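TrEMBL has this to say about the protein:
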type: DOMAIN; residues: 17-83; note: domain 'Potassium channel'
type: DOMAIN; residues: 122-187; note: domain 'Potassium channel'
type: SIGNAL; residues: 1-29; note: signal peptide
type: TRANSMEM; residues: 67-89; note: transmembrane segment
type: TRANSMEM; residues: 109-127; note: transmembrane segment
Amino acid sequence: SVPSTSLSAKRVFSLAFFLLTGSTLLVKACEPGISTVDALYLSVMTFTTIGYGDVTHPVSPAGRAVVALLALGGIAFFATVIDLCHAFREATDGALLRGLGLGGAPAALTLLAANAAIGVIVCEVLVDDESLPKGSILDAIYWSIITSTSVGFGDFHPTSDIGKLAVSAYALFSMQVTANAMELAKEVLIRLCTVSDSGHAK
């Protein structure tokens, strides 16, 4: 019989830690003038494909080569990391919602609303990050959606070191929640576009 296999969260997170640490040190070594926080932030924005465009790096040929390799090798792996971050959310936020009798689509939409609320709090708490929306719940929700969908226009972005670290963590723990809500929307659209053998939409 074929032995069953499963992802080890400990191994994945350990590898993610070493990958982020290694990529940060590599970018720092190859890219002149970049700070350690910016190197870490650049790595996370690359791995999550958000890419606000606010960091003026890489500019050197070596730095660009390193970041290109990180993009090729890291994006697929970090999709697994994001999945595990979501599993953590499911075991905490999700368990609370299930205890309240919510599941399926209502739970996914509630977690999406929680994402937006956390995004608003992040924007307000990071008082030194003037490029993040302040005093506008609508703008903060817009930023949280643009970030957690990895669109990353760059019109709102963190500027302080603490802000960059906080946004990096927010991205990792929010993207799969948004992806789940998008999957629900996709299923609805597919049902609307599906035609039965009789020629009628299902």
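The backbone N, Cα and C atoms fix where each Cβ goes, glycine too.
Across the residues of the domain 'Potassium channel' (17-83), the predicted structure has a mean pLDDT of 89. Here the domain 'Potassium channel' (17-83) is broken down by DSSP into helix, strand and coil counts: 49 helix, 0 strand, 18 coil.
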